[in-house]
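Visitor: What Swiss-Prot records for ARG31 is active site, proton donor. Summarising the annotation, Swiss-Prot assigns active site, proton acceptor to ARG104 and lists similarity to another entry as the type of evidence. According to Swiss-Prot, the glutathione binding site annotation covers ARG30, ARG51, ALA52, GLN53, VAL54, ASN55, GLU58, TYR59, TYR93, PHE94, TRP95, GLY96, TYR97. Swiss-Prot lists SER36 with the feature phosphoserine, giving similarity to another entry as the kind of evidence. Positions annotated as topological domain 'Cytoplasmic' by Swiss-Prot, on the basis of similarity to another entry: 1-6, 70-73, 125-150. The annotation topological domain 'Lumenal' is assigned in Swiss-Prot to 28-48, 95-104. Among the features that Swiss-Prot reports, transmembrane segment is placed at 7-27, 49-69, 74-94, 105-124.
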Amino acid sequence: MKDEVALLATVTLLGVLLQAYFSLQVIRARRAHRVSPPLTTGPPEFERVYRAQVNCSEYFPLFLATLWVAGVYFHEGAAALCGLVYLFTRLRYFWGYARSAQLRLAPLYASARALWLLLALATLGLLAHFLPAAARAALLRLLRALLRTA
């Protein structure tokens, strides 16, 4: 059992560490710009770091759910790879947003694509799980044919 989910567990732990890093950056920005809790407004430099962290936290549960469902029901390696891409693009998003609101956009779109791909993999995996064996085999043949033409 453990071997079947080791990649998913690793990506999950990396995601948790990334969330911790984002939180530490908010603490650092609070100190640098003298914004005491519970305030969430201050200089634009602080607000960008704060908003980047909050946005990443808001999407983290969606990421975890799609990562695990895609990994268990579709393919662990594919889900883990998409998960790593998602985490890397969220890190780039955070760094970009901390510098300027405009620099957040390209990584934001890239992370959205990775999340949509995880959702698609999770959906396909669950669909295949609930289909009868004959329909599942036909779906797999169709997917292989589509991948060859792509």
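Just so you know, glycine gets a Cβ as well, placed from its N, Cα and C.
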Visitor: Of the recorded positions ARG31, SER36, ARG104, which one has its Cα closest to the Cα of VAL54 (glutathione binding site)?
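Guide: Comparing Cα positions, the closest of these recorded positions turns out to be ARG104.
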Visitor: Output, ordered by sequence, the same-chain residues six or more apart from TYR97 (glutathione binding site) with a CB under 8 Å from its CB, or 'none'.
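Guide: When sequence neighbours closer than 6 are ignored, TYR97 (glutathione binding site) has ARG48, VAL49, ARG51, ALA52, ASN55, LEU103, ARG104 within Cβ distance under 8 Å.
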Visitor: Round to the nearest Å and give the CA-to-CA distance linking ARG30 (glutathione binding site) with the residue listed as 'phosphoserine'.
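Guide: Between the alpha carbons of ARG30 (glutathione binding site) and the residue listed as 'phosphoserine' there are 6 Å.
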Visitor: Of all the recorded positions given, ARG30, ARG31, ARG104, which residue's CB has the most CB neighbours within 10 A?
Guide: ARG104
Visitor: Between any two of ARG30, ARG51, ALA52, GLN53, VAL54, ASN55, GLU58, TYR59, TYR93, PHE94, TRP95, GLY96, TYR97, the residues recorded as binding glutathione, what is the biggest Cα to Cα distance in Å?
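Guide: Max span of the glutathione binding residues, Cα based, is 23 Å.
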Visitor: State the Cα to Cα distance, in Å, between TRP95 (glutathione binding site) and ARG31 (active site, proton donor), rounded to an integer.
Guide: 18
Visitor: Should anything in the same chain at least six residues away from the topological domain 'Cytoplasmic' (1-6) have a Cβ under 8 Å from its Cβ atoms, list it; otherwise answer none.
Guide: 71-72, 76
Visitor: May I ask which of the stretches 7-27, 49-69, 74-94 has the most CB pairs under 8 A with the transmembrane segment (105-124)?
Guide: 74-94
Visitor: Given a 10 Å Cβ-Cβ cut-off, pick out the one of the binding-site residues TYR93, TRP95 that has the most other Cβ atoms nearby.
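Guide: Output for this query is TYR93.
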Visitor: Quick check on the binding-site residues VAL54, GLU58: which one has the highest count of other Cβ atoms within 10 Å of its Cβ?
Guide: VAL54
Visitor: From the Cα of the residue listed as 'phosphoserine' across to the Cα of GLU58 (glutathione binding site), what is the distance in angstrom?
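Guide: Pair distance, Cα basis, whole Å: 22 Å.
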Visitor: By Cβ distance under 8 Å, which residues at least 6 away from the ends of the topological domain 'Lumenal' (28-48) in the same chain are close to it?
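Guide: Beyond its ends, the topological domain 'Lumenal' (28-48) has Cβ neighbours at 97-101.
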